[in-house]
Structures are given as C-alpha cells and as structure tokens.
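Taken from TrEMBL, the feature pyridoxal 5'-phosphate binding site applies to 116, 117, 256, 321, 322. Residues or ranges marked as substrate binding site in TrEMBL: 149, 285, 320, 414. Feature annotation from TrEMBL assigns N6-(pyridoxal phosphate)lysine to 285.
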Ligand code: PMP
C-alpha cells in the first residue's frame, strides 16, 4: 500500500476526530495534510490548497512563517516546557507584559491556558470566585446570549447557546440567564434596523440587571460577532452599551475575543471599535499566530486585587494545567505580537476586508445562496436549495459536497451548519481572496449536489 492509503486506514481506525461522524469519515477523498507553506496546505499527494479557513480561524501570518519558525527553534534550544505553577520563565513573563500593554487599558493581568474554551472557563471561574472573595456569594448567575458559542468544555457550553449541545449535554450544564442574539433581534423583530435593535436589546439587558443584578456574576459576550452561530454581527453599540450597564449594576463584563482577536475584525481587538474595556477578556486562536495551543484571560485590576490575601485565607485562583504557559507557545506568541507591532499586517487589512466585501456581492440574489454575512476578514455564505429557497436538511451534508468540490479546485473551506465559510489567514493576498470567492462560487453554483 502507498503511504497515503496506509495512513488513511490507520486514521479511520485509530484516530477519533473532533466533531466528526467516524462512520463515514474519509469515505470520499481523504485529506491528510503533510506540510504547508504561506497560505497553502499540501496533502500527502502533493496537492495544494489555499487555506481559506486559516486552520480553524487561527492562522494569522501564513504557515511556516520564517520568523515564527525561528522563534520556536530558538526556544527549543533552551527549554520546551517547565511548569508555571509557582514558577516562571522568560517567554511567559514577556508575553504577559506584552498582552497587558496591547489589550484595552482596563486589563492589567494575564492568566494563561491552552485553548479558547479554557480561556472562557478561566473567566467564568474567576468571575465566580471574585464575588465569593468579595463576600457576595449570592452573585453566582451568568448572563449570556442565545446563539452564543464559547467552546466545548462543560463551563463554556453552559454559557453557550447552541440547542444541539444543550440537548445532548444539558444535564451537565449550570443554569444561565439568557438574552436574545442581537443579530436575530435586529432581523426578526426590528426590520433590520440596527439602532432599534441595539436600543431594544439594551432595554432588555437593563431590566434583567435591575431585577436580578444582585444575583448575577457576569455577562459574557463574543467580540462583536457571534462567529460559530453563523457570523452574526452585532449592531453597533451593543458592546459599549453592555459595558455601561454592567458597570451601573455591578456585573462583570467578560468579552470573548477568541475568534475576533488578533486582527480578524480589522483592528487588533474588536473591543477597540467601541472603546470597550471589559473586566475579563478571553483570547486564543491567533495568539500564537496559529502555531501552538496557548490562550489567555486578561483581568482588570479590581478582579486581580480580589484574589490577594494571606495564603491561609484560600483566596488564590485555584486553576492551572500541566502545560499552562508553555514556553514554546509563548515564544512563538511573542514573535507573533512583534509582527503585529511592525504595523504592516493591520495596515493592510482595510483593503483586504473591502476586497472580500466587494467579491461577496456576486453571491447576493443567487437562488442557491442566502444572505451573505461578513465581519472584518471573516464571512459566511449560506447555501440554499434553489428549488425551495430553504437550507438543506441537517444530515444531507450538501455543504460538505460543496467544500469537497472547492477542495478539488484548490480551495480549502469548511461548512458551518448550512454556511460555507471564508476565514483566511490575515496574510491572504487580494488575488487569493478573489480565487477563494470564485472557486466557492463555482462549487456552489454547480447545483448538482
Ligand atoms: N470562543 C469563541 C468565540 C470561539 O469562536 C471559539 C472557537 N471557535 C472558542 C471560544 C473555543 O476555542 P477553542 O476551540 O480554542 O477551544
């Protein structure tokens, strides 16, 4: 057997993949990535594909970036891992300082973890313990949004709003209070009017805070767009209004910028669009440029201060993993921040975002596409059955067929429910944006699913 066939057989037999129905995994064309370069992935057969989903929204500067590779190799020559529990190392110290310096001014301290969901778990536990440490244990509820997605761990799913997950794992989850999705509110109840939607949403938030604020620990929001729910952007004013009300009613504001952080929104952090200064900020994905698992929860001074006390009072934050603040990941993340600090990456974004926006127009009005959505350098095109105008039934896997066809044409995308997604590395070029969109157009328009 050729190498690919052997590996494919082992892959199916031994490797249980995430979010994957293993019964038919890889029945079609197997997709085993052997290497990558810049914005391209290469499979075992040497077939090249543009990485239109940035390796699940995390790759920033392209694959095998010489500076990131060098930073990793250099750190490898020193130490690959040593614990952060009560001990330290230079890359994590420098990274914590750098993150405090570049995130909104309210955030003064940095707690490391490995993945986005964990950065959220940390924020949840910090918020819960914060109120306990302040002698207000009755503030224990979390306020969240319908359609929210914050990751797959039990705490992150609890504050998420995906009916599928709440059905399957419901009995494991802690109860939350819920607000409507601002996007859904805008389009379902406010005729698409953004000002009305923001006003209505903030009125609902205020009435909950007025009635139950005394029992609420924190409100958690994604950074201006509900990404995993289908790229549902918030109307302007949601984040800033939420911050104002949270301050008034003494509720912590957690902003989850795991998906939107590190340039995806067009600014380094989406909070910057409305000058939002949260109490807690969750970061992940692009923090290491898409190289290694490292995540961070940034905390405001008053949050950090509530954990300071003589040792015996047990107010320290009881959380930490074996690989927390891994030196290799921190060293690469530092180099990622150095690349951002040079300015060219962010300066190039407005043109790329505009190019994406212009290119997406051709999908509007097509019988096989729904309303296209975009937030910065991320977009989603809903696939529709031209016969009925509706989404295909869950389980038909028509979106997978479209992505498979796009892959055969050299563009790697992944469906998100009924959506075909475009979330390229920030290093994508204008020509590559055009290629991605024309290939997806061809793959979707072909119509024989
Ligand atoms: N929060 C948001 C907003 C996300 O989009 C994601 C992942 N897409 C997560 C958290 C979870 O991150 P991870 O997959 O790294 O756990």
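Every residue gets a Cβ built from N, Cα and C, even glycine.
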Between residue 116 (pyridoxal 5'-phosphate binding site) and residue 414 (substrate binding site): CA-CA distance (Å):
19
Which of these binding-site residues (116, 117, 256, 320, 321, 414) have a C-beta closer than 6 Å to some atom of ligand 1?
116, 117, 256
Return the residues near residue 285 (substrate binding site) by Cβ distance under 8 Å, restricted to its own chain and a separation of at least 6 in sequence.
56, 57, 58, 116, 258, 259, 261, 262
Fewest other Cβ within 10 angstroms of its own Cβ, chosen from the binding-site residues 321, 414:
321
Would you mind ranking the binding-site residues 116, 320 by how many other Cβ atoms sit within 10 Å of each Cβ and giving me the lowest?
320
Between residue 149 (substrate binding site) and residue 321 (pyridoxal 5'-phosphate binding site), how far is it from one CA atom to the other, in Å?
23
In whole Å, how far is residue 320 (substrate binding site) from residue 117 (pyridoxal 5'-phosphate binding site) when you measure between their Cα atoms?
14
Residue pair residue 320 (substrate binding site), residue 256 (pyridoxal 5'-phosphate binding site) - Cα distance, angstrom, rounded:
19
In three-state terms from DSSP, label residue 256 (pyridoxal 5'-phosphate binding site) for me.
strand
Under 8 Å by Cβ from residue 322 (pyridoxal 5'-phosphate binding site), counting only residues of that chain that are 6 or more apart:
83
Tell me the Cβ contacts of residue 256 (pyridoxal 5'-phosphate binding site) under 8 Å, same chain only and six or more apart in sequence, or just say none.
116, 119, 120, 123, 150, 220, 221, 222, 223, 282
Other CB atoms within 10 A, centred on residue 149 (substrate binding site):
25
